[in-house]
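As recorded in Swiss-Prot:
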- S207, S208, G209, T210, T211, K215, Q346, G347, T351, D432, R447, K538: ATP binding site (BINDING)
- F252, G324, Q346, G347, T351, K449, K453: (E)-4-coumaroyl-AMP binding site (BINDING)
- R273, K455, G456: CoA binding site (BINDING)
- 275-346: region 'SBD1' (REGION)
- 347-411: region 'SBD2' (REGION)
Amino acid sequence: MAYPERDLIVDPRSGFCKSNSTFYSKRNPLCLPPNPSLDVTTFISSQPQRGTTAFIDASTGHRLTFSDLWRVVDRVADCLYHEVGIRRGDVVLILSPNSIYIPVVCLSVMSLGAVVTTANTLNTSGEISKQIAQSNPTLVFTTSQLAPKLAAAISVVLTDEEDEKRVELTSGVRVVGILSEMMKKETSGQRVRDRVNQDDTAMMLYSSGTTGTSKGVISSHRNLTAYVAKYIDDKWKRDEIFVCTVPMFHSFGLLAFAMGSVASGSTVVILRRFGLDDMMQAVEKYKATILSLAPPVLVAMINGADQLKAKYDLTSLRKVRCGGAPLSKEVMDSFLEKYPTVNIFQGYALTESHGSGASTESVEESLKYGAVGLLSSGIEARIVDPDTGRVMGVNQPGELWLKGPSISKGYFGNEEATNETINLEGWLKLGDLCYIDEDGFLFVVDRLKELIKYKGYQVPPAELEALLIAHPHILDAAVIPFPDREAGQYPMAYVARKPESNLSEKEVIDFISNQVAPYKKIRKVAFISSIPKTASGKTLRKDLIKLSTSKL
């Protein structure tokens, strides 16, 4: 454990310093490169390449070795610079389903000092147009199927081998290249490129917007380099075979599987789209050792364990990494009962913190039930009372603030949101109600904006949700505030029942009332086929709140 100032007196057990009310990471110090002109692609390529295969397409079996990867990254960058005219600061949009070539595009673009941004492939044309109007991309990498969602006349590189004239006629875009052809073309030999600084913007990914509108998060080369440095320091992530189960337009998917895994020498099996059976088939076929999952997928693995283990050989699987929401003791115990040879690790981070926050990195740490782990390398934390602004100490709840080299510079074109979220000292206000215990473990109580205010009491939805999904007839659940004239708000549950279940509203209400204080009782239940979530597995409470009040 290392601290920035030598005269600080820090409790080695909790990591807390009383003199400045700051918690420090107990992990190894983060080793960052001193070169101010080092771009993140060069930093990744400079790491020792221990592995052979970088990426595998799960559906076709097509492989991309590490040597092939860096060869085509250089070729695509050369084409972008000399033929398309991409320069430092230009924005390049990736609108594509998962593919082994997304990392190629991402690394090529950032090596030029240009900026990578992504869009959700499920978004409508109007939603994509709004994002394009804000980010103003010079170029879009997309497929022939998705090209019609783009505005006419925008420059496009196709990531599939469709007839470019047909695509231009049917969608109106201007095709300036085919990715497969760029990857085959020998480099020009002219290496003159713009000088890139670590403080330059490398990426601009849009936050999930679970509590409001989506915002473009600015990521510098320094932010991403800090992420990669932390990733390769996590020795348990080296030389593994991952299955990419999440969309690569999302920050976790892009950072972990287009950057971190490349630097660590691991192999990534990429699913073009998620399906539980597709994931299990990939584990069996490619002998995958680790899965990164959102909590709902973990629950699905528990519920279908007997059938899945009978159908697939999962003996290679050793680890599951889970993020998006803390796991309850009941869920963890159920998983370990069904999959006794697989260890669970948890992680906690935001798009704005680039994979840094807290995590469990050993079996012993994972046994700290309810905790999301110890603070990440290079991260400092404060717990701040949201009402008084007083900085809190060990085991005292408040809003979590984080600071460190991985913290974003802010939101693109949104100074108001930046100032609300990141203060002048660089502290990122996460909006989560948390506490850090005497051993330095971080516990997430709930989203501050999502706390239900019932007659002056604060009710954390996550606590009730953990109880609900422990019910044998409940597949998934979400709890929201429902407006009430007398109480202000009360807890309402949306419940997705398991197939064949006839669970009633009264049974749900009684199930919870027997386990919680009176002010935490659920007083209204609605049944729904599935709980709406973001690509990363976070519950879209704003959609449920809108649904619940639409009939008022």
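Each Cβ is built from the backbone N, Cα and C atoms, and glycine gets one as well.
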- Separation of alpha carbons, K449 ((E)-4-coumaroyl-AMP binding site) and Q346 (ATP binding site) (Å): 23
- Task: Between the Cα atoms of K449 ((E)-4-coumaroyl-AMP binding site) and R273 (CoA binding site), find the distance and write it as a whole number of Å.
- Result: 32
- Entries of F252, R273, G324, K453, K455 which, being binding-site residues, have CA atoms within 10 angstroms of T351 (ATP binding site): F252
- Query: Counting only residues 6+ apart in the same chain, whose Cβ is under 8 Å from the Cβ of G347 ((E)-4-coumaroyl-AMP binding site)?
  - Reply: R321, C322, G323, G355, G357, A358, S359, T360, V372, G373
- Item | Euclidean distance between Cα atoms of R273 (CoA binding site) and F252 ((E)-4-coumaroyl-AMP binding site), Å | 15
- Query: Do you know the DSSP helix, strand and coil residue counts for the region 'SBD1' (275-346)?
  - Reply: 37 helix, 12 strand, 23 coil
- Item | the region 'SBD1' (275-346) [mean pLDDT, rounded to integer] | 92
- Specify the nearest of the binding-site residues R273, G324, K453, K455 to S207 (ATP binding site), where nearness means the distance between Cα atoms. G324
- Query: Can you tell which of Q346, T351 has the most other C-beta atoms within 10 Å, given these are the binding-site residues?
  - Reply: Q346
